[in-house]
Amino acid sequence: MVPAVNPPTTSHHVAVIGAGAAGLVAARELRREGHSVVVFERGNQIGGVWAYTPNVEPDPLSIDPTRPVIHSSLYSSLRTIIPRECMGFTDFPFSTGPENKSRDPRRHPGHIEVLAYLKDFARKFKMDEMIRFETEVVRAEPAAENPKKWRVESRNSGDISDEIYDAVVVCNGHYTEPRHALIPGIDSCPGKQIHSHNYRIPDQFKDQLNSGSSVSGVDISRDIVNVTKEVHISSRSTKPETYEKLSGYDNLWLHSNIETVREDGSVVFKNGKTVYADTIMHCTGYKYYFPFLDTKGEVTVEDNRVGPLYKHVFPPALSPGLSFIGLPWQVILFPMFELQSKWVAAVLAGRFYSKLEASCIPKRYTHLMAELDSQFVYDNWLADQCDYPRIEKWREQMFYKVFKRIQSQSSTYKDDWDDDHLIAEAYEDFVKFPSNYPSSLIEREYTS
């Protein structure tokens, strides 16, 4: 997908909130359209959630609203669920090369490699000159003197800045503010409780129970299983009678949903089984959270639905001055970020603008692309709006293949695959682009 040269368009002064993958590609696409861009990043480096830290929050459940917030939810051994070939931006392949000896060459690399890729991307497109590091947006709202413009208040080392922008693009991610399941009796549990947001390494666990059976929840369970006596996974998506030992492990069980937690530390499942847990880890996902955003009620978050939004991006009453990148989940994230960003940049420039409509989709799963096909319908719609090539067929098929492998070989899918023909197709496309890795690699140690 070689990007086209865009004709002269209207230029705007745009604030991008967040310098993770979404914020980086949004800034690039906005600048390509001729906009003036400032990226606000509260951390001291790019990467967003991919910037790993061993630090955790003092409140292990992350409930206390006054707690110091740790942005990243990565654990030390995390590897990508999606293969690198289909994970990268369309014109900046997440490939490997023989010259990159210190890099992680695995198809499902660790988080260090993803951050290195994003740093390469930022270096390639000279992103640092647009980013204000250690600068937190504390308030963004329509300007009182001109509601079509946006007032952005930011803080850096105690200094407050107040600026006016033509538009705000929200790219702050949604893997920082934990969600918690409503479990009867959970408040009386005498054992330790932790949300997976604060999980880093397995050494601290003994008898462990995980509430939540998403792919990441199961991966964490496998990370813990070798250092703990037993791990029991609770899943609300299984049948009530579910009770099975997971293949390849003698101490890892899958249960149905939790019925109740008792004061003696016992946990009763819907299947009738009872276990005693030293620790309950809540692998229950995250909330959409925009504490800095004041839209005077035009955009709300209710039951984990951000709305009303047109195509997950523009709130009709505030478009095109306010937009969101990256809300859908269970998708191939980076290419979707890229296509959404192209659309936002083009709409702000006065190209491809279509009338925005309020969404009437049921709330909780508004941003879930539950049907595997739905994300590609959406991505291709975005591509069509921008006169950009549609998502490659090999990328679609690779995504389908990995989800089949997750279901059939969940413990080995990251290291055992049968889609070499798709890898070959991907690398045939990748040769259209210059190497995405600079000659001098990022200076850091990589431990596989």
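Cβ from N, Cα, C; glycine included.
The model shown is predicted, which means the values in this text are computed figures rather than measured ones.
With a 10 A radius on its CB, Ala22 (FAD binding site) counts 29 other CB atoms from all the protein chains. The FAD binding site annotation in Swiss-Prot covers Gly18, Ala19, Gly20, Ala21, Ala22, Gly23 and is backed by sequence analysis.
Sequence annotations record features per position, and here Swiss-Prot assigns NADP(+) binding site to Gly212, Ser213, Ser214, Val215, Ser216, Gly217. Counting only same-chain residues six or more apart in sequence, the Cβ atoms lying under 8 angstroms from the Cβ of Ser216 (NADP(+) binding site) belong to Ile81, Ser196, Cys283.
Looking at Gly18 (FAD binding site) and Gly217 (NADP(+) binding site), their Cα atoms lie 26 Å from each other.
DSSP assigns Gly23 (FAD binding site) to a helical segment in the three-state reduction. Ranking the binding-site residues Gly18, Gly20, Gly23 by how many Cβ atoms sit within 10 Å of each one's Cβ puts Gly23 at the top.
The Cβ neighbour count for Gly217 (NADP(+) binding site), using a 10 Å radius over every protein chain in view, is 20.
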